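Listed features, source Swiss-Prot:
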MOTIF     17-25  motif 'D-box'
MOTIF     85-101  motif 'Bipartite nuclear localization signal'
MOTIF     144-150  motif 'C-box'
REPEAT    257-296  repeat 'WD 1'
REPEAT    299-338  repeat 'WD 2'
REPEAT    342-379  repeat 'WD 3'
REPEAT    383-422  repeat 'WD 4'
REPEAT    425-467  repeat 'WD 5'
REPEAT    469-519  repeat 'WD 6'
REPEAT    523-562  repeat 'WD 7'
COMPBIAS  579-598  compositional bias 'Basic and acidic residues'
COMPBIAS  599-610  compositional bias 'Polar residues'
């Protein structure tokens, strides 16, 4: 195809497609996508008669049809031959010979124990064809007593750790996860009903030692108990309840020119409900409240590799392919500053912390930039050997999590600029990183195509506290919550993962049980590259290689789960004077809010230098 006609075709396609326009929910914008037009065609040729096809030894005269005529094969009128069963006489002689040969070789190679000088099994019995059951009976009768042989220690006790091995296979439906957990809870309930301890052996050959008094036992347990052993004491988990989520997207927007690259972060959603998306060399802003679309900038010759909103939601940082990072003011739609890394490679990941911005490059360096000073690079960390494709600051700013193409997760101490922990558990690139909002010390990381796992880390001890096998590539992770009416309206901690092949699904897991509670199968035609959670924490925006931006309602609105103890405390406070406590809380909140606002700059010119 000549280049001129190809350019005209591309121009025609781009002319018919408007950026971030509402696509039809029924057609899912299949015809307008280049990927679907090239990969989604299914061509089926009808069976035609060729000149080389001749029917011989037929009673009918030869067919002299043209090459373009459709040929239909005649049906076979002769009945199919009868099938030969395996137990028929045809296989009987051969089967008996093999059986006798195997029995003789097994008996000749087996040696039996003896008592004194007499053999337990006589040689005459070995010469006769006997079965294994007869041999076992002779051995039992000749021996003086029967001693059971324990094949393993785990055979005679119920180990809670082995119960997790009964998890369903990856990519299993939420119903399969519910059935697996039902079996686990059933085993635990049976053990409790029978009066058996989960770590107690069933067969015991010695009597139990005398028990001490209850007071002495409690004091001993309190002395030996530590924080970690106390955390490991788990109650019988309640059965998970499958959640019903809408598998159809609430809105579909067209995103022509989106880069199908797993290592890039091209989507960001601000707290002011403005979604920023990078389409090739241009950056667009979509207001989720009004639906307005605006073009912020178009670099024409430079590709955008990462996009992230600042903490004040008034500025946005753009990582480019040439190694530079630009900061734009959204209100004035103008460029504020350009920060040059000097590396000459693309900036694929960004993370803000007040006036500091961390940039991850393709060469493996992490640069900490201070936007208030002229020499913006204040620190450079070069511990990764591959591209840094994931960065995320902790809420308190004391730690920074990074994931790279070297299959490594690192947790950095921002005060010493040194990595506290370096984890190489993943077997693929780590892009998805997310800090837990309920337990700030818990970090979730997701691996790529060959890893397919989600690992949970304790950022204080560096220990891995849980894992989930998703069965697909993990491109993003987001924490959410749901509320159940069966458990008194308590909050369920959940995490949503977006993936790629084979199902391009959105999966929701319960953090406590690690079971899948909901999923959206085939959410996109291609793999999901990026996703962002809305400011209210309910809607998930996903974009994939099919050049479609979709919005799914996943979580319930964010609110703090109240327990029964909180209700009792509120009642007690009401007796001693609830109004006084409320006034004190309001004063403390006003002081904290004033301190927070005083720390942030009031205008752009105070901390941004051109």
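Each residue, glycine too, has its Cβ placed from N, Cα and C.
Counting same-chain residues at least six beyond the ends of the repeat 'WD 5' (425-467), those with a Cβ under 8 angstroms from any Cβ of the stretch are 170, 262-263, 265, 386-387, 389-392, 394-396, 399, 401-409, 411, 473-479, 493, 495, 497, 499-501, 509, 511, 514. Same-chain residues lying 6+ beyond the ends of the repeat 'WD 7' (523-562) with a Cβ under 8 Å from its Cβ atoms: 20, 23, 28-30, 33-36, 40, 245-246, 249-262, 264-273, 275, 277, 288, 473, 475-476, 478, 480-483, 489-491, 494, 496, 498-501, 504-506, 508. Counted as Cβ pairs under 8 Å, contacts with the repeat 'WD 6' (469-519) are highest for 257-296 among 257-296, 342-379, 383-422. For the repeat 'WD 3' (342-379), the residues of the chain that approach it from at least six positions outside its boundaries are 263-265, 303, 305-311, 317, 319-325, 327, 385-393, 397, 400, 402, 404, 406, 412, 414, 417, 599-601, 606-609, judged by C-beta separation under 8 angstroms. For the motif 'D-box' (17-25), the mean pLDDT of the prediction comes to 66.
Beyond its flanks by at least six residues, the repeat 'WD 1' (257-296) meets 19-20, 35, 302-309, 313, 316, 318, 328, 330, 333, 348-350, 387, 389-390, 405, 429, 431, 448, 473, 475, 500, 526-527, 529-535, 541, 543-545, 547, 549 of its own chain at Cβ-Cβ distances under 8 Å.
Mapped onto DSSP classes, the repeat 'WD 1' (257-296) shows 0 helix, 20 strand, 20 coil. Residues of the repeat 'WD 6' (469-519) grouped by DSSP class, helix first, strand second and coil last, total 0 helix, 29 strand, 22 coil.
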